[in-house]
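Colleague: So Swiss-Prot lists the following for this protein:
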type     : residues                                                                                                      : note
ACT_SITE : ASP150                                                                                                        : active site, proton donor/acceptor
BINDING  : ASN10, GLU386                                                                                                 : Mg(2+) binding site
BINDING  : LYS17, HIS210, LEU211, GLY212, ASN213, GLY214, ASP284, MET285, ARG286, GLY332, VAL333, GLY334, GLU335, ASN336 : ATP binding site
BINDING  : ARG93                                                                                                         : substrate binding site
SITE     : HIS182                                                                                                        : site 'Transition state stabilizer'
SITE     : ARG243                                                                                                        : site 'Transition state stabilizer'
Amino acid sequence: MSPTRVLVLNSGSSSVKYQLLDMRDSSRLAVGLVERIGEGTSRLKHTPLTTGVSRELTSPVADHAAALKTVAEELAKDGLGLDSPELAAIGHRVVHGGRSFTEPTVIDDDVLAEIERLIPVAPLHNPANLTGIRTAMALRPDLPQVAVFDTAFHTTMPESAARYAIDVKTADEHRVRRYGFHGTSHAYVSRATAKLLGRAPKDVNLIVLHLGNGASASAVRGGRCVDTSMGLTPLEGLVMGTRSGDMDPAVIFHLMRVGGMSTDEVDTLLNTKSGLIGLCGDNDMREIRRRVDEGDEQAALAFDIYIHRLKKYIGAYYAVLGRVDAVAFTAGVGENAAPVRAAAIAGLEELGLVVDSERNAVRSDEPRIVSPEDARVAVAVVPTDEELEIAQQTYALVGTAHHLT
């Protein structure tokens, strides 16, 4: 029998998230996380889904090689070791593929070199992704390793959406353009939303709102992305937990010239001290809503700014698409924060967008419609599953996949 298991790895700068899936039925066999790698006391949480009983280890994990060795040992205890003949491939999340990678790719030396060449446009993410890949390749050099790129789904954008209005020669020389991120999530949710509507992806136009601590919007026409809110980096677009999103670029020059801030200080400000946390000191939407309900004016203003930006993108992408069949909310805030969904859609009745308050209040892990039955445009809540998407794309490349259609 052909191997049917795929290990999905998401390697961050000081963490490794992983899931082991059986692609015969897309079931999860184990999930886990190693965090605080290289920080003295590291923590591993491993859950075999056969028992559902988690194991936690706290011990020094010096680097990603040691982390993956620990993961392999924990999987082996459950009979799910990396040396199993049932393991078909390892799928890696890679944040930035630039224009070079438009689809999942089996990793070889040339692919590694190109991911490394893209580090200047993804200095926080690609180095960690590369470390995870190289470590996994050393553990199982005989096994296919597949890179699934966050940017790939957005490579279908027309040049009119992807190009910035700056000097073409300068832009090309320094690879300055809109790449977009969260593409794995947008791809999964766009197909899942079409399924929820009972239609083929090629027949629907969607606005997908991935609202987590990081947040992005995309306009999807017939299954292909035609615009997205994040740009050269994940800083552009919506107001996020700690990122500013859109603003006048001259703010940067002002802060450097008048405020005396360095490049690194401005970078840190806009990426980690802005957005909701900069506006009200909190980046947890649950806490912000609690404060709003208690009459906190600063939290209320932060919420209003967040919603204002979100509405602007919904309206803009409605104009880009011309016809919209559904607006889909996903990720931590999008899936769980009913007040965010209600506020974002409020006042858009002329566009055919309405939220049913009772449906919107229901909490569920299942995809669902929260607009009235007779609404012209569906408003949907569709839980994302980036790990399953990576596993499906990986398995499609190395075996026979069972796609979400």
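Quick reminder: no glycine exception, Cβ is built from N, Cα and C everywhere.
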Colleague: Taking the Cβ of GLU386 (Mg(2+) binding site) as the centre, how many other Cβ atoms fall within a 10 Å radius?
Modeller: 24
Colleague: Check LEU211 (ATP binding site) against DSSP and tell me helix, strand or coil, would you?
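Modeller: Where LEU211 (ATP binding site) sits, the three-state DSSP reduction gives strand.
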Colleague: Grab the ATP binding residues from the record (LYS17, HIS210, LEU211, GLY212, ASN213, GLY214, ASP284, MET285, ARG286, GLY332, VAL333, GLY334, GLU335, ASN336) and give me their largest CA-CA distance in Å.
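Modeller: Taking every pair of listed residues, the largest Cα separation comes to 24 Å.
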Colleague: What three-state secondary structure does DSSP assign to LYS17 (ATP binding site)?
Modeller: strand
Colleague: Work out how many Å separate ASN213 (ATP binding site) and ARG243 (site 'Transition state stabilizer') at their Cα atoms, rounded off.
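Modeller: Cα-Cα distance, ASN213 (ATP binding site) to ARG243 (site 'Transition state stabilizer'): 9 Å.
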Colleague: For the binding-site residues ASN10, ASN213, which Cβ has the most other Cβ atoms within 10 Å, all shown protein chains included?
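Modeller: That would be ASN10, with the highest Cβ count within 10 Å.
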Colleague: Ranked by the number of other Cβ atoms within 10 Å of their own Cβ, which of the recorded positions LYS17, ARG93, HIS182, ARG243, ARG286 ranks first?
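Modeller: The largest 10 Å Cβ neighbour count belongs to HIS182.
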Colleague: Do you know which of the recorded positions ASP150, ASP284, GLU335 has the most other C-beta atoms within 10 angstroms of its C-beta?
Modeller: ASP150
Colleague: Given the recorded positions LYS17, ASP150, HIS182, ARG286, VAL333, state which is nearest to ARG93 (substrate binding site) when distance is taken between Cα atoms.
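Modeller: The answer is ASP150.
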Colleague: Using Cα coordinates, what distance in whole Å links LEU211 (ATP binding site) and ASN10 (Mg(2+) binding site)?
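Modeller: With distance taken Cα to Cα, ASN10 (Mg(2+) binding site) is 19 Å from LEU211 (ATP binding site).
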Colleague: I'd like the number of other C-beta atoms within 10 A of the C-beta of LEU211 (ATP binding site), please.
Modeller: 26
Colleague: Long-range same-chain neighbours of VAL333 (ATP binding site), Cβ under 8 Å, sequence gap at least 6?
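Modeller: Listed in sequence order, they are LEU211, GLY212, ALA215, MET285, VAL340.
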Colleague: Looking at the recorded positions listed here (ASN10, ASP150, HIS182, ARG243), whose Cα lies nearest to that of ARG286 (ATP binding site)?
Modeller: ARG243
